[in-house]
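To start, the structure under review is shown below, and the notes come after it.
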């Protein structure tokens, strides 16, 4: 795995391997000393052409916990605002010997273009490109779900899939890179995926996706999902009226207090409520739902650091092994190098 650009590119084996390494990284996060020497001497550049809080900080924390040097680049105030092209920016980073570039860009396909262009030799990680994909968000969502269900079963989560689980994704699917990445990854891991949203906010061709589509949220909830993932209504990407009003959207498609109570009425005691953030409280999700014991919002943020540590580690440590017919034994391929669990200041 040279780059991490799309969850469509991930086989079940490679996805599980990354999630298993993330379990090791999460264990490191529970220690008094949370830093590892795994990527000492490596340089990670956060190249963000769009605003971000959670993703940028999460990648920065992940790289620093692995002892990498981190350079944060924001388009605002840089030469990009003066008209510098992606190519020129990339070649500048190459001249600075960047080992990995974490890129967020408003244009769908920009990370893939950067990875395939030859402008840069660094590993490229897609941190969100337009309405296309956001693979590390889907990975941290899968990690969160896997841990939740393993806890319910009283079993370790490492090595487990999402087979038999039903995940409902609700809202502005049309503009959501998170939804796309989750559909591909969750189905790869064995989950059944349901989509629900107004017809105007579902993309053309969604019927060909590996999921079931509903145009009524309550009908979708009647399918008794194990998780409900609410999507942010992305007004900044809308140049037309996709629904009558925000009040109407909230009434028909928001996870309000009534729908929160409905989960109790239906006996869905273990169903969790997810949101990738940032949330529009009172629009797609009520404060009661966002702050309820069912909510995994903060767990998703916390798990994001572990998952991104795993991604950077596998891309940069030399321990990246592609699926499927390689010479690596199965049990060895699925485990991180011993260095991954060695605290800062110690050697294996």
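Using the three backbone atoms N, Cα and C, a Cβ is placed for every residue, glycine included.
Look at TrEMBL and you will find 2-146 tagged as domain 'Aspartate/ornithine carbamoyltransferase carbamoyl-P binding'.
According to TrEMBL, the carbamoyl phosphate binding site annotation covers 54, 55, 104, 134, 137, 277, 278. Cβ neighbours within 10 Å of residue 54 (carbamoyl phosphate binding site), excluding its own Cβ and spanning all shown chains: 15.
Per TrEMBL, the feature L-aspartate binding site maps to 82, 177, 232. Residues within less than 8 Å, Cβ to Cβ, of residue 232 (L-aspartate binding site) and separated from it by at least 6 positions along the same chain comprise 171, 172, 176, 275, 276, 277, 278, 279, 280, 284.
Summarising the annotation, TrEMBL assigns domain 'Aspartate/ornithine carbamoyltransferase Asp/Orn-binding' to 164-315.
What TrEMBL lists as region 'Disordered' is 317-348.
Here TrEMBL flags 320-329 as compositional bias 'Acidic residues'.
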Where the record names 54, 55, 104, 134, 137, 277, 278 as binding carbamoyl phosphate, the maximum Cα to Cα distance in Å: 16
Output field, carbamoyl phosphate shell: CB within 8 Å of site CB centroid, site 54, 55, 104, 134, 137, 277, 278 dropped: 52, 53, 127, 128, 178, 276
Entry from the binding-site residues list 55, 137 having the most other CB atoms no farther than 10 A: 137
Separation of alpha carbons, residue 177 (L-aspartate binding site) and residue 104 (carbamoyl phosphate binding site) (Å): 12
Set of same-chain residues at least 6 away whose C-beta sits under 8 angstroms from residue 177 (L-aspartate binding site): 128, 129, 130, 131, 132, 133, 134, 137
